[in-house]
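Q: Features from TrEMBL:
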BINDING   CYS524, CYS527, CYS564, CYS567  Zn(2+) 1 binding site
BINDING   CYS533, CYS536, CYS551, CYS554  Zn(2+) 2 binding site
DOMAIN    292-461  domain 'Helicase ATP-binding'
DOMAIN    559-714  domain 'Helicase C-terminal'
Amino acid sequence: MNYFINVILPIPLEQSFTYAITQAEADFLKPGMRVSIPFGKSKIYTGLVESIHQNAPLVYEAKQIHQILDDMPLVTSVQLKHWQWISKYYMCTVGEVMRAALPSAFILESETVISKNSKVQINDEDLKDDEFIIYEALHHQSSLKIQDLMSILDKKNVLPVIKRLLEKEVINVQEEIYEKYKPKLVRYVKIATAHTSEKALQELMESLSRAPKQRDVIMTLFSVSAQTKKPVKVSELIEESGSSSAIIKTLINKEILEEYHIQTDRVQYEGDDNEASKRLNEHQELALNEVAQSFENQNITLLHGVTSSGKTELYVKLIESQLSNGKQVLYLLPEIALTTQLVERLQNYFGEKVAVFHSKYSSHERVEVWNNVLNNSHKAQIVLGARSSVLLPFQNLGLVIVDEEHESSYKQFDPAPRYHARDASIVLASLFEAKTLLGSATPSLESYFNAQQGKYGLVELKHRYNNVLMPDIELVDIKDKHKRKRMTGHFSDRLILEMQETLKDGHQIILFQNRRGFSPIVECNTCGHSPQCPNCDVSLTFHQYRNQLRCHYCGYNSAMHKNCEACRSVELDSKGFGTEQVEQEAKLLFPDHNVARMDLDTTRGKYGYEKIITALEQQEIDILVGTQMLTKGLDFRNVKLVGIMNADNMLNFPDFRAHERSYQLMAQVSGRAGRTKERGKVLIQTYNPFHRILQQVSTNNFKQMFDEQMDERHTYKYPPIYRMIKITLKHKDYQKVNIGADWYAKSLRTVFGKHVLGPEFPPVARIRNQYLKHILVKIPQKQSLGKTKEAIIKINNSFLSIKDFRAVRVILNVDNY
Ligand code: ADP
Ligand code: ZN
Ligand code: ZN
């Protein structure tokens, strides 16, 4: 008898590959185990067993495997089913899904680069001979390819050794290592409660009459807090009063001063007592009951709860009930919202049952989470993770929560699999017969439409927690303000006035501008020329801080020009404005306040993002200028005013989702204002205050926005009424892309007729020297999705078989966002 296995390789192959195994191996192997296998002339790969059978391949002779790498399946049968679904639905290979799913340490191949793990102390005696040889080699060379190790060890079969070394944490597979950020604790002081009454205070001052230095400190504390209306830092108090930390310490010891940290949401989990979850208010309680009821006959429920309505606390209750039934919970968040803020909030309730899964985690950490989830360990009862956590090996999933379900970053853009984590998680849940809760203050049209159609349950939460009112949103007509000369730079007199008031009361401000840099277009006043990226068809953005012109598509940069490249004129003007310019103007307008900026440029470095959030929480920043990074579910206590600098460029973006997106962005960023006690204020500056979307944002009228946008989607046949597949052709030769796209579109039209749009160049038609052209296929609801994809794949295969087109890259994007 001959035995074979079908193996999934982590590369884009249409089919799995068949390898020969012995009978003993056949008895031992199970689907989901890894094997080390030869491929091509000299490559080795880690492959995953898909099935075990006795059918020899017809067209090639099956090679033998090198070795079995696991004792137990690493990937579950549910996962294999899920991967199949993703591959079929999103038109990619299972190998591509496997590569996205498995931490790189699990899929070693000849090209993998390894290096020494300098964080771990190694005892030579703990290493077997072959392990030691590799360990030694890494002393002489900082990194080695696995291919190199084959010659060092003089054998082909090296993956098992590498695997052992990884398990002993002797080596790392090369990648960016991400360290967790621990905020620095800032010390604050206040007068101890025992002394705050007027009488007690008087007595205190008298008692200090013979300790003038201590008295000074107290006096300074009063004057500083009266002036700034903000918590007073120990460092500030020492400086202002000219005293020393010893004096402050004495006052603390005498219990005159009280020391504290602003850390309400950030208590580090210490490993013992968990905090009890909060008591829900009546609205939350009602909503929770409605969710439970909805789950009785629906698998998917949409929770539409306004910003700061306490959705997170409601999730906490649902999680508690799942845990008490011994089920695992997946809590999905957009990558950027996965901050310490939320992680710690959940750890306070659930302690070490929370596992965090993040693309920035090191391979060791990801492997650890993987194993904990696979073993259904108590350390991974709740997985809090970004997009790729839908690919983890759950055993006993009971509930999926998709927070901020409208977020477009749930869709993977590049490379394949181009999956949508929300939709993939719904399918995952269904494989477990588990429930899915989608949550958002601004649901996607897709989900709200599904709820309306009865496909999803719908629960609404309309009150903010503590009955804080929704922010008061005011539209400022900047066309009129310009006419009346009431603008200072990009700030209207209204905005400046509100900012002054806010700062006077010691509150904080967020200013939103969805472009980074100083100004997106530099233009010559004489001849109209504007500097372009040499690699992309797009204008370069001026970044004043570095005096550079930068391309936001490919990263190209050059020094800012002194003269026009075309006519040498010195009259260069900049058009439009980005966060950098807003920051600069705010600093000039409010020189006595701290202004900071949060965008891709300021958050790139290690902890960049977390540092800014911490500084804002600790009230070291008065005015924060930022891009849409600001909108992602952050909970700041003291932000009272939000200014949207210019609503128009979002609204005019050439995309059928531009209006929906603008609504979501503006409503979300507005939601950062006034989250406790006092009502927040939002000012939206615009040239077009009568725009429907702005009217709807300012009256918080989601339903009207939904109805009007759905009308348009009906009329123009866009999602969620029609489905869409976007086909992108890419090549460095303009003509090739053009001719190829015409051929492709023509073939599609013979099948789909008028439902094919394009080919068309996108607004930026060349990126990194590659020309792009898009074709859209719209799919009416009644048309079979499966058959549509089959037809497209057929056309795609004929396309790629034409010699001239073979070099053209084709990207298929299902449900493109
Ligand atoms: P959302 O996710 O809907 O924007 P959050 O869950 O972040 O809202 O809640 C907003 C704020 O209200 C948070 O600071 C949270 O701690 C607080 N909060 C919500 N529900 C309760 C409750 N039942 N008891 C006490 N505080 C609550
Ligand atoms: Zn010029
Ligand atoms: Zn470029």
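Glycine too: its Cβ is placed from the backbone N, Cα and C atoms.
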Q: Give me the count of other Cβ atoms within 10 A of the Cβ belonging to CYS527 (Zn(2+) 1 binding site).
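A: Other Cβ atoms found within 10 Å: 14.
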Q: Quick one: Cα separation, CYS551 (Zn(2+) 2 binding site) versus CYS524 (Zn(2+) 1 binding site), in Å?
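A: With distance taken Cα to Cα, CYS524 (Zn(2+) 1 binding site) is 18 Å from CYS551 (Zn(2+) 2 binding site).
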Q: Within 10 Å of the Cβ of CYS536 (Zn(2+) 2 binding site), how many other Cβ atoms can be counted across all chains shown?
A: 21
Q: Among the binding-site residues listed here (CYS533, CYS536, CYS554), which has the Cα closest to the Cα of CYS564 (Zn(2+) 1 binding site)?
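A: For CYS564 (Zn(2+) 1 binding site), the spatially nearest of the binding-site residues is CYS533.
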Q: By CA-CA distance, flag whichever of CYS533, CYS536, CYS554 among the binding-site residues is nearest to CYS567 (Zn(2+) 1 binding site).
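A: Closest by Cα distance to CYS567 (Zn(2+) 1 binding site) among the binding-site residues CYS533, CYS536, CYS554: CYS533.
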Q: Does CYS533 (Zn(2+) 2 binding site) have same-chain partners at least 6 apart in sequence with Cβ under 8 Å from its own Cβ, and which are they?
A: SER539, LEU540, CYS551, TYR553, CYS554, TYR556
Q: Do you know which of the binding-site residues CYS524, CYS533, CYS551, CYS554, CYS567 end up with C-beta under 6 Å from ligand 3?
A: CYS533, CYS551, CYS554
Q: Give me the sequence-ordered set of same-chain residues, not including CYS533, CYS536, CYS551, CYS554, with a C-beta within 8 angstroms of the centroid of the Zn(2+) 2 site's C-beta atoms.
A: PRO534, ASN535, VAL538, LEU540, HIS552, TYR553, GLY555, TYR556, ILE767, ARG768
Q: In sequence order, which same-chain residues at least six apart have a C-beta under 8 angstroms from CYS524 (Zn(2+) 1 binding site)?
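A: Non-local contacts for CYS524 (Zn(2+) 1 binding site): SER530, CYS564, ALA566, CYS567, SER569, GLU571, LEU572, ASP573.
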Q: CYS551, CYS554, CYS564, CYS567: which of these binding-site residues has the sparsest Cβ neighbourhood within 10 Å?
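A: Candidates: the binding-site residues CYS551, CYS554, CYS564, CYS567. Fewest Cβ atoms within 10 Å: CYS567.
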Q: In which DSSP state, out of helix, strand and coil, do we find CYS524 (Zn(2+) 1 binding site)?
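A: For CYS524 (Zn(2+) 1 binding site) - judged by DSSP and reduced to three states - the answer is strand.
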Q: Inside 8 A of the center formed by the CB atoms of CYS524, CYS527, CYS564, CYS567, which other residues of the chain have their CB, for the recorded Zn(2+) 1 site?
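A: Going along the sequence, the neighbours appear as ASN525, THR526, GLY528, HIS529, ASN563, GLU565, ALA566, ARG568, SER569, GLU571.
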Q: Report the binding-site residues (CYS524, CYS536, CYS551) that meet this criterion: Cβ distance to the nearest atom of ligand 2 under 6 Å. Use sequence order and write none if nothing qualifies.
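A: Within range of ligand 2: CYS524.
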Q: C-alpha of CYS536 (Zn(2+) 2 binding site) to C-alpha of CYS527 (Zn(2+) 1 binding site): distance in Å?
A: 22
Q: Could you say whether, by DSSP, CYS567 (Zn(2+) 1 binding site) belongs to a helix, a strand or a coil region?
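A: In the DSSP reduction, CYS567 (Zn(2+) 1 binding site) maps to coil.
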